[in-house]
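Here's the structure, in structure tokens; my notes come after.
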Amino acid sequence: MEEGTGTGGPLFQTYGAKGRTVYKIYASFILMCILSILSYRLTHIPDEQDGVRWAWMAMLSSELWFSFYWIITQSARWNPIYHQTFKHRLSQRHGNELPCVDVFVCTADPVAEPPSLVVSTVLSVMAYDYPSEKLSVYLSDDAGSELTFYALWEACKFSKYWLPFCKKFEVEPRSPGACFFKQSFHSSSNNLSTTKEWSKMKDMYEEMINRIEFVVRQGKVPQELKQHQGFSKWSSEMTSRNHDAIIQILIDEKDENSVDLDGNLLPRLVYMAREKRPQHHHNFKAGAMNALLRVSSEISNSPIILNVDCDMYSNNSQSIRDALCFFLDEEKGHDIGFIQYPQYFDNITKNDLYATSFNVINEVELCGLDSWGGTLYIGTGCFHRREALKGRKYSKDYIEDWKRGSLDKRRVESPSVLEDRAKPLASCTYEHNTLWGKEIGLRYGCAVEDILTGLTIHYNGWKSRYFNPQRRGFLGLAPTALEPSLVQFKRWSEGHFQIFLSKYSPLLFGHQKIKLGLCMGYSIYNLWALNSFPTLTYILIPPLFLLKGISLFPKVSTAWFLPFALVFIAKQAYSLIEALYCGDTFMGWWNSQRMWVFRRITSFLLWLPLITYSSSLVNEQEVMEFHSASPMFVIVGTVALLNAFCLVGGVMRMVNMNEGDAGMDALLIQVVLCGMVVAINVPIYEGLFLRKDKGCMPSSVTFASLGAAMLACLLTMV
């Protein structure tokens, strides 16, 4: 057990996962089996006949890649570590002398990200159990939408009631949307749901949401509702891609109205819409975050920054204090650049149909990377040291100014002065001929700018910690249909592969700056895209040669059959045990096997235009939704049908040719492999032929898949 030390005891302690010896024995066993499989491939290369040799070499290449990739993945499972924080020691040691914290919330589209959803997230972070005078919340609205500003103004008024309510009853979570409608709240009062205060607060929230949604439906804010001077910043000529910078401090400590019903100061609340012009590239979320970095440095300049997505509300009011236990530990906190919380979702069905819960990644893999001195920055639920995020290199003689912001002279200036001073920092030309996006702030030019930024922070000498408390820190929304789920992974795999091919590649260049284990850990995700080709090889070539009655694997009666069988059984058994340990169900594990196959043959393979999608609905029936003619579905449908045709044709061939036991002896592995692919694709067959609802496969996808699969089978038999 590793502990940070200091007067009064550590603020956090670190301990390793149990059962590592057993796992290392298992991994060693798998490695021996893998070496045996490769030995078989290399020593049994067939003569050139009927295309068998090229197929054999393709299988060998795939198995070499899978072996290499499996070794890479061991970095995330070799020695996972976990942390425990001691918030009572933090309070005893620092009392009210805690550092200021800036919270960044980003939104970009009032249609895909409804303002009612955004303000519920904003209210959840405003209600943290933390001194309000040390908390500043910034909303970046990249659409520059008057609708979002109106919703935030409504949230300002509601916060005067909501924050005292949360403190009085110790409500969790402190997102009103989740608290009132998701039946997952906790309170110090057992009968809170039956009290008049509960009903009154719920009615007040519903009235606010109804007003916001009415305005959103109208598409504009009625003149009689424009009771804040900030509405004057909007004009009819403004669009989401062409507007001036807007900085509005809605709540400020110097305003006598910036207090709640109990007379306590409310957290500072700032609305920012950076300037956007069609002729200037805006660099998406990374550009918005960098604008927030600059604007906040003029208004609050807190040493700690939390950033959350607008659909990822705070589920734990103690998250700030937990994070500070790492940063403020006297022995182990000086070199920590960021603290990453896991990304969980509250609209996942029981069996996680689209495998979007990331339970194994959250519970195992990110903990494993932490043991190498760092983890991934995943773009939300992350506490940053401001200086690390701005690009400062770590040095042992650096001393953090934890009082920054609380004593800053800029806090005595009026809001209008601060707004005027910050506005130029949000202009679309401010970054020209500067190091912003290159060496300062979030990095540009990558589809996963958050991952790249976290990697460069590690390259600058900072460490990071991954913290997964018992009560989840943040909850959000996952895609609830197949296509957006695949598109999401397509963007991620594209971005990760960009990193692998760049000068930042951890596997190629990172070993000089970070530990080898962390280089390997990053590469697990950087190399997602390259898994597409060997996976396609393994699910296309064996069934086609099964159709021809040609074996590509050892006979069951030979000793070479054992390593293939043992690797398959051991890996599937371990995967199932790991998934169950992390909270998945058996069907959830099976769904994840299906989705990883789908992702490898579509998301990791295709380079198509991205599709924006956001939904808060939960598919309670756990039936896959297709309903679009996506090229991804054509690939999935073709692979599914090809394996079905080949399985039926191969088995019929063995029966008709009276091959009997001899045929099964030679082709058993191909039959099992083909059968597994068919079993995984049962929802695809239903979508292609059996379902008649709106979520079925379009007829164009069915015909294209049928044609491609039948053509491949016919060409094989020629």
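From the backbone N, Cα and C atoms, a Cβ is placed for every residue, glycine too.
Going by TrEMBL, these are the annotated features:
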- 25-42: transmembrane segment (TRANSMEM)
- 54-72: transmembrane segment (TRANSMEM)
- GLU113, ASP142: UDP-alpha-D-glucose binding site (BINDING)
- ASP142: active site (ACT_SITE)
- LYS285, ASP309: Mn(2+) binding site (BINDING)
- ASP450: active site (ACT_SITE)
- 525-547: transmembrane segment (TRANSMEM)
- 559-577: transmembrane segment (TRANSMEM)
- 597-618: transmembrane segment (TRANSMEM)
- 630-655: transmembrane segment (TRANSMEM)
- 667-685: transmembrane segment (TRANSMEM)
- 697-717: transmembrane segment (TRANSMEM)
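Positions of TrEMBL features highlighted on the structure.
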| residue | record | Cβ contacts under 8 Å, 6 or more apart |
| --- | --- | --- |
| ASP142 | UDP-alpha-D-glucose binding site | CYS106, THR107, ALA108, ASP109, SER240, ALA273, ARG274, LYS276, HIS282, LYS285, ALA288 |
| ASP309 | Mn(2+) binding site | VAL105, CYS106, THR121, GLY379, THR380, GLY476 |
| ASP450 | active site | ALA286, TYR377, ILE378, GLY379, CYS382, LEU442 |
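The 10 Å shell around the Cβ of GLU113 (UDP-alpha-D-glucose binding site) contains 24 further Cβ atoms across the protein chains shown.
The Cβ neighbour count for LYS285 (Mn(2+) binding site), using a 10 Å radius over every protein chain in view, is 20. Remote same-chain partners of the transmembrane segment (697-717), defined as residues 6 or more beyond its termini with a Cβ less than 8 Å from a stretch Cβ, comprise 540, 544-545, 547-548, 626-630, 633-634, 637-638, 640-642, 645-646, 649, 684, 687-689, 691.
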